[in-house]
Amino acid sequence: MRLRSCFLGLLALFVAGKCSYSPEPDQQRTLPPGWVSLGRVDSEEELSLTFALRQQNVGRLSELVQAVSDPGSPRYVGGLHRFPPTSSLRQRPEPQTSGTAGLHFGVTPSVIRQRYNLTAQDVGSGTTNNSQACAQFLEQYFHDSDLAEFMRLFGGNFAHQASVARVVGQQGRGRAGIEASLDVEYLMSAGANISTWVYSSPGRHESQEPFLEWLLVLSNESALPHVHTVSYGDDEDSLSSAYIQRVNTEFMKAAARGLTLLFASGDSGAGCWFVSGRYQFRPSFPASSPYVTTVGGTSFQNPFRVTNEIVDYISGGGFSNVFPQPSYQEEAVAQFLSSSPHLPPSSYFNASGRAYPDVAALSDGYWVVSNSVPIPWVSGTSASTPVFGGLLSLINEHRILSGRPPLGFLNPRLYKQRGAGLFDVTRGCHESCLNEEVQGQGFCSGPGWDPVTGWGTPNFPALLKTLINP
Ligand SMILES: *[C@@H]1O[C@H](CO)[C@@H](O)[C@H](O)[C@H]1NC(C)=O
Ligand SMILES: *[C@@H]1O[C@H](CO)[C@@H](O)[C@H](O)[C@H]1NC(C)=O
Ligand SMILES: *[C@@H]1O[C@H](CO)[C@@H](O)[C@H](O)[C@H]1NC(C)=O
Ligand SMILES: *[C@@H]1O[C@H](CO)[C@@H](O)[C@H](O)[C@H]1NC(C)=O
Ligand SMILES: CC(=O)N[C@H]1CO[C@H](CO)[C@@H](O)[C@@H]1O
């Protein structure tokens with residue numbers, strides 16, 4: 001069975017015209033694959049419209065984000081308050097093995113904590129006002145009872161909180177979703193014993209713009225968690241540029257406020273589509289935003305042992321066709337492009353775009369408890385993202401305890417430090433177009449940054465050391 005990871009399909013707004021629909025000016029006029037026209041909407045059907053005002057002075061906001069996110073800048077240390085106002089999770093078949101000595105049977109919190117070098121002391125102290133959050137869309141709900149069962153089964157060797165501190169928004173009363181269960185369970189076992197919130201923006205039927213809805217809720221609050229993880233995204237080309245730019249402006253604001261936003265890089269490797277008569281890779285948004293930290297995926301080299309990590313072939317990565325390359329990553333990307341021995345043809349990707357992911361974590365073979373049932377072999381960058389987020393929360397905990405502000409927008413620092421504190425993933429390639437030219441292969445990882453696993457996966461004590469000052 002394959003479960004789609006929560007890579008969100010945002011509904012295009014089909015305004016029923018006389019005999020057809022009229023999409024936004026930059027949207028394709030034919031129905032995308034998988035969509036079927038069911039005729040006119042019933043006149044009684046409710047439709048909620050979102051109106052967003054065009055934002056002013058976005059250029060100045062961009063300069064400000066640069067200043068507050070660069071450790072070399074005098075403006076790095078917060079002080080800015082109240083700035084003006086298709087998950088594709090999958091279940092893969094169990095790999096085959098012989099013999100059982102010293103093996104693990106899937107990724108659990110203790111496997112994560114072992115691989116990333118966390119000790120029993122690496123948990124929230126309970127003495128700070130530190131908190132973390134994940135956001136849920138697409139009618140994905142978690143159940144507190146699943147979290148409790150998960151912690152009963154897997155939370156034995158580290159202090160943790162047994163329930164979510166706060167749900168912002170409406171959780172529906174339906175069955176738990178695997179995505180929501182996974183996010184909550186792993187955010188709370190990587191960022192263990194740290195107060196955890198869930199932002200719930202249900203309603204793919206009611207709103208075509210849930211990211212904006214969620215971001216406006218964040219924008220509207222003055223005290224909120226420092227780290228937010230989101231395991232949802234969509235093909236960049238399926239969204240209107242007005243919408244992408246509007247959402248991106250909210251990401252800039254969040255960065256300027258000192259929030260850390262992590263997004264899953266997607267589960268289709270480099271992606272693929274056939275457009276204008278040729279094959280191209282297909283980037284994903286918000287993963288491609290220059291103002292978020294994007295998390296790719298890895299597997300254990302030996303799936304049953306805590307070993308080095310290699311590329312998980314599904315790990316989303318590539319180059320944006322919308323956002324130009326931010327200056328913080330120019331050097332790293334140039335280095336990759338000039339040294340990778342397996343570069344795909346240049347017509348497949350836009351080398352001048354924002355390249356992602358920035359970092360990675362295990363994405364393969366997780367145990368999740370959902371609707372009271374332990375489910376093995378759940379895979380996707382949806383899993384990597386809350387794990388990385390939880391570890392950043394633990395680093396924030398140390399920063400807060402020593403009187404420093406939380407990390408905020410991480411990328412300028414991450415690239416300036418050339419991925420210090422991360423295990424470099426250097427083996428494996430991710431998937432892409434199944435055609436003769438590239439034969440299913442996208443980019444390949446190598447030493448240093450690459451558009452498959454970014455700078456690599458966390459070695460907690462080393463990462464803490466490099467991110468604790470200033
Ligand atoms: C962390 O883990 C790696 C690999 O498991 C190991 O080589 C290293 O010594 C560990 N400790 C530190 C402090 O990095
Ligand atoms: C976990 O947090 C609680 C408060 O929520 C605190 O009392 C406890 O000491 C913390 N555990 C550890 C091991 O720090
Ligand atoms: C913002 O907060 C105010 C006051 O709490 C509330 O009335 C309003 O609905 C909120 N707006 C959004 C978009 O959440
Ligand atoms: C490539 O990316 C740039 C932004 O970096 C964009 O302006 C341009 O339109 C993109 N080209 C294509 C073919 O999408
Ligand atoms: C962001 C966060 O967790 N804020 C909390 C800080 O502590 C106060 C008082 O306990 C809470 O009300 C806030 O929610």
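Cβ from N, Cα, C; glycine included.
Of all the Cβ atoms in the protein chains shown, 33 others lie within 10 Å of the Cβ of Glu179 (active site, charge relay system). Residues or ranges marked as active site, charge relay system in TrEMBL: Glu179 (among others).
Sequence annotations record features per position, and here TrEMBL assigns active site, charge relay system to Asp183 (among others). Annotation for Asp183 (active site, charge relay system): same-chain Cβ neighbours under 8 Å, separated by at least 6 residues, are Cys134, Gln136, Phe142, Thr229, Ser231, Ser382, Thr385, Pro386.
For Ser382 (among others), the entry in TrEMBL reads active site, charge relay system. The Cβ of Ser382 (active site, charge relay system) has 33 neighbouring Cβ atoms from other residues within 10 Å, across all protein chains displayed.
Residues annotated as Ca(2+) binding site in TrEMBL: Asp424, Val425, Gly448, Asp450. If you draw a 10 Å sphere around the CB of Asp450 (Ca(2+) binding site), it holds 30 other CB atoms from the protein chains shown.
Annotation comment: TrEMBL describes 85-100 as compositional bias 'Polar residues'.
Under the heading domain 'Peptidase S53', TrEMBL lists 106-470.
The annotation region 'Disordered' is assigned in TrEMBL to 83-104.
The signal peptide annotation in TrEMBL covers 1-21.
Looking at Gly448 (Ca(2+) binding site) and Glu179 (active site, charge relay system), their Cα atoms lie 31 Å from each other. Straight-line distance linking the Cα atoms of Glu179 (active site, charge relay system) and Val425 (Ca(2+) binding site), rounded to a whole number, equals 25 Å.
Excluding Asp424, Val425, Gly448, Asp450, which define the Ca(2+) site, the same chain contributes Gly419, Thr426, Ser445, Gly446, Pro447, Trp449, Thr453, Gly454, Trp455, Gly456 within 8 Å (Cβ to the Cβ centroid), listed in sequence order. Cβ neighbour count for Gly448 (Ca(2+) binding site): 16 (other Cβ atoms within 10 Å of its Cβ, all protein chains included). If you take the C-beta of Asp424 (Ca(2+) binding site) and look for same-chain residues 6 or more apart in sequence within under 8 angstroms, you find Pro447, Gly448, Trp455, Gly456. Annotation for Val425 (Ca(2+) binding site): same-chain Cβ neighbours under 8 Å, separated by at least 6 residues, are Thr298, Glu309, Ile310, Val311, Ala360, Ser445, Val452, Thr453, Gly456, Thr457.
According to DSSP, Asp424 (Ca(2+) binding site) sits in a coil region rather than a helix or strand.
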